[in-house]
Amino acid sequence: MAFSSAQDPPRAKSALANRSLHPTFFRTISSDSYQGHVFVQALRHFGWDQFNLVNINDQYGVSIEQVIRADAQTAGNLTVATHHIMAVCDDREIGALIADLASSPSRIVVMAMQPQLGARIMAAAYDHGFDSSWVWLGTEFFSSVNEVLNDMTRTTTPARAQGLRRFFDGLVVVWPEELAWGDPTFEAWVQAYRASFTDDVILTETYHLFTQACLEAHVRGILKLVQTYGADAVQRRATNATLAEYLVSFNSSTGLMAYTENGDRKGYYQLLNQQDGALVPVMSIDAQFQFSSIANATLRFPGNRTTIPPWHPTFLVDVPDYSQPGVMVTLVVAGILVMVTLAAWAMFVVYRRSKRVRHHGLPIVSTLCFSIALALTTPFFAAGNPTVVTCNAQWATIVVGFGLTMASLAIRSYRIAKVLDNRVLAKSQSLGTRSLMARMLALPLVQVVLLAIAYVVAPLVPAKTVANSLVVVSCAIPSGSVNRILSGGAAGLDLLLFLIVVMLTLKIRGIHMAYQESRWILFALNLVLITTVISLPLYFLYAENAVHSFYIRSVGIMVTDEWFQ
């Protein structure tokens, strides 16, 4: 609350903060600057060495910022990151602010602004995925935050409304301790004031900004001036009274009423805590910045925690670690499938002179077994913290493994389509096996060359993505298009080989419907296509979750390879 005498006409509050420059400017509301001191002391009390200050870019916000910065510099162990925002701003500006906070090293946010804007910022943080590791503190204006929250959730969905209310729980408000309406001491001073003045507009809640202790100080000061200069002179502001005459320390109903060197009231404060949709007083702060708990009240931070959270984030690294039960089971199953595949290949080698093995062609079957085993090693490279080697290896095993599988099936289908006679197929030497092997390995070798060049020029690298308290470590393509072109070309050859196998199989089915092997190849290709159609959307949907993408990719590879076995 502030007013001026005739010798000192009204000025902006920021220009009247120094009583030596404006000795006749009277102010009794708890000052912006003093509230900044209280904030810093609260931060020190909780041991939060780094914090974010979000303030509106006006006299109110700037004055708090200046005091907080000065106190932080004096303390020496406090680091403040300031984020300015206009009092009237759009969602884009709030989104930019949230993005800045998301990359902040501190999880403590002090907001010096009106509750309407503060609630919008907190709601945007909730939508952005901020979790309970973030602690939000607001100025005295946030005493009306629940009215704002009620308006905000009135038109939203029940699920979002419940989520927002849960997110707002734990909010801490630095609040000037008030004298309740109806207190006998306060009412006595109100009656004394009304006995001297007929105009009681100053007694309305709006006028004295709901700080009744300040109003009590003002009433006492005015009554003292009335005793010295008379009510008429005071009401007409026709006195030459100074601020020193007006501001006198006294024992108020809320404690000792003292003043700063700038003439601002040093009152008592409280910490209000949002709990289950209501602000509850939990701590008191006296003029010497001594904190004391209020009886039968517990300060609850976000997440319903009663212990003081750290100012720094505690990160949870999201990687498919070898120690996780699901990862261990996946690797065990993949290892068993690899051994089964190699055992099958060993059986083919042992019985390589049999007509059945010659019918399939041992070199072709060996390539098929090797390609399946190669693809099944992908989960082993995908598990654990990724490195440059494992990032490129897991991509190469998928692409080359699938390519070799399709190439072996393509050549196998080609052999069948060429003769359509099992007796001739049993004599593999008569079909030019070496020539067929060269054709079979041509495209997979091109894949190997393309991936090797990509590894040398622009390899896949591990990348960390921080989202609140979660760190997702995944493999990323470096900037530029070299790796995309080379890797895409290698993967495109897989698609080409797949289409060749489909075309050859359909050709065989068109000539000889009774040929059972072509039927099983076509059936396996259909199942592979179905598995791919299901797996790919899920993989891209959960691409930002390293653990989920590991399971999707591993299961998809194992199921696909099993169709070929």
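Here the Cβ of each residue, glycine as well, is placed from N, Cα and C on the backbone.
Look at TrEMBL and you will find 326-540 tagged as domain 'G-protein coupled receptors family 3 profile'.
Positions annotated as transmembrane segment by TrEMBL: 327-350 (among others).
Cβ atoms under 8 Å from those of the transmembrane segment (362-383) belong to residues 320-322, 327, 330-331, 334-335, 337-338, 341-342, 344-345, 348-349, 352, 390, 393-394, 397-398, 400-405, 407-409, 411-412, 415, 428, 433, 436-437, 440-441, 550, 553-554, 557-558, 560-561, 564-565 of the same chain, restricted to positions at least 6 beyond its ends. As annotated by TrEMBL, transmembrane segment applies to 362-383 (among others).
Among the features that TrEMBL reports, transmembrane segment is placed at 395-415 (among others). Packing against the transmembrane segment (395-415) from elsewhere in the chain are residues 360-361, 364-365, 367-368, 370-372, 374-378, 381, 425, 431, 436-437, 439-441, 443-444, 447-448, 451, 455, 460, 475, 487, 490-491, 493-494, 497-498, 500-501, 504-505, 508, 518, 521, 557, 560-561, 564: each is 6 or more residues past its ends and has a CB under 8 Å from a CB in it.
Taken from TrEMBL, the feature transmembrane segment covers 436-458 (among others).
Long-range Cβ contacts of the transmembrane segment (485-508) within its own chain (Cβ-Cβ under 8 Å, at least 6 residues beyond either end) map to 395, 399-400, 402-403, 406-407, 409-410, 413-414, 416-417, 420, 443-444, 446-447, 450-451, 453-454, 457-458, 477, 515, 518, 521-522, 525. Per TrEMBL, the feature transmembrane segment maps to 485-508 (among others).
Per TrEMBL, transmembrane segment is recorded for 520-542 (among others).
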